[in-house]
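The following features are taken from TrEMBL:
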- H144: active site, proton donor/acceptor (ACT_SITE)
- K148: active site, proton donor (ACT_SITE)
- G8, A9, R10, G11, R12, M13, G87, T88, T89, T111, G112, N113, T114: NAD(+) binding site (BINDING)
- H145, G154, T155: (S)-2,3,4,5-tetrahydrodipicolinate binding site (BINDING)
- 3-113: domain 'Dihydrodipicolinate reductase N-terminal' (DOMAIN)
- 117-253: domain 'Dihydrodipicolinate reductase C-terminal' (DOMAIN)
Amino acid sequence: MTAIGIFGARGRMGQAIASVASDAGLTIAGGTDSLAQGTIGAEGAAITTDPKALAGQADILIDFSVPAALDAHLAACVEAGKPLLIGTTGLEGHHHDAIDQAASRIAVLQTGNTSLGVNLLAALVKEASTRLGDDWDIEIVEMHHRHKVDAPSGTALLLGQAAAAGRNIDLASHSERGRDGITGARKAGDIGFASLRGGSVAGDHLVILAGDGERIELGHRAENRIIFARGAIRAAQWLAGKAPGRYAMADVLGL
Ligand SMILES: NC(=O)C1=CN([C@@H]2O[C@H](COP(=O)(O)OP(=O)(O)OC[C@H]3O[C@@H](n4cnc5c(N)ncnc54)[C@H](OP(=O)(O)O)[C@@H]3O)[C@@H](O)[C@H]2O)C=CC1
Ligand SMILES: O=C(O)C1=N[C@H](C(=O)O)C[C@H](O)C1
């Protein structure tokens, strides 16, 4: 039986993944967290603070933890020669460089959202932004629970990348990520981001394409974390046995 290892095991997502793993025919080899406390899964697998030991024991690794731990997780998976699914968000350029390096040695899939619905939405956003042209303004609004620590969400950035790809532009140099005070008029061609935080919202995303006299709104609402957990398990199973390289959810879902 295939065994998964979970980096960030005691977190909200780590627990959600543990709750659906056996439905998918997987066992849990163990997990890591910032503290070595407790166990995870029906088998009572140990939670430690040692990513190398976990990567040695598991067949596939899944990371829903914090960006600061990513380098150690990549190194552990490369050393053990094991595939890694990264769901952690808030990643910066140097994290993506490190993922690219690791992907020359192992199979890695990094995504801001593992759900089928959001990844289909990204394909629709790309199509809409290609067809509408850059005189339509694109704004992305997201809302998450009060505990979320990064903004914009990884999903908002994923949707922004899809919109930018549809227009054949670079997202980093065409983003507006914080308006406050006398901002001046909207800069043509920018993709805007707005983040709301509150309550227990699992994840809402709305992409607004605003033209002169009309608006298109494409959105997704996550009702719970199980959709992310099932998507993560599906992606991890798909990664098993894949050649080294960097993969995306679109590869898994055939989108
Ligand atoms: N791609 C996707 O589809 C989704 C991505 N996410 C992302 O996943 C990440 C986790 O989300 P969530 O579960 O809600 O967050 P939580 O804060 O609930 O969980 C994060 C866990 O990581 C642990 N952690 C901290 N440092 C380390 C470390 N060095 N090694 C291992 N574990 C560590 C934390 O421990 P402690 O609390 O003790 O510090 C905590 O248990 C976030 O970046 C979130 O945005 C979330 C949902 C879906
Ligand atoms: O932190 C969360 O909860 C979520 N994070 C991911 C993100 O940043 O987009 C995915 C999902 O929206 C939930």
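Cβ atoms here come from the backbone N, Cα and C positions, even for glycine.
In sequence order, H147, R225 are the residues of the chain that are 6 or more apart from R12 (NAD(+) binding site) and have a CB within less than 8 Å of its CB. For the domain 'Dihydrodipicolinate reductase C-terminal' (117-253), the mean pLDDT of the prediction comes to 97. Comparing the binding-site residues G8, G112, G154 on other C-beta atoms within 10 angstroms of each C-beta gives the minimum for G154. In this structure, G87, T89 are the recorded positions from G87, T89, H144, H145, T155 whose C-beta falls under 6 Å of some atom of ligand 1. Taking G8, K148, G154 as the candidate recorded positions, the subset whose CB lies under 6 angstroms from any atom of ligand 2 consists of K148, G154. Spatial neighbours are here defined as Cα atoms within 10 angstroms of one another, and by that definition the neighbours of G87 (NAD(+) binding site) among the recorded positions H144, H145, K148, G154 are G154. For T89 (NAD(+) binding site), the nearest neighbour among the recorded positions K148, G154, T155, judged by Cα separation, is G154. When the C-alpha distances from G154 ((S)-2,3,4,5-tetrahydrodipicolinate binding site) to the recorded positions G8, G112, T114, H144, K148 are tabulated, the minimum falls on G112. When the Cα of G8 (NAD(+) binding site) is compared against those of the recorded positions H145, K148, T155, the shortest separation belongs to K148.
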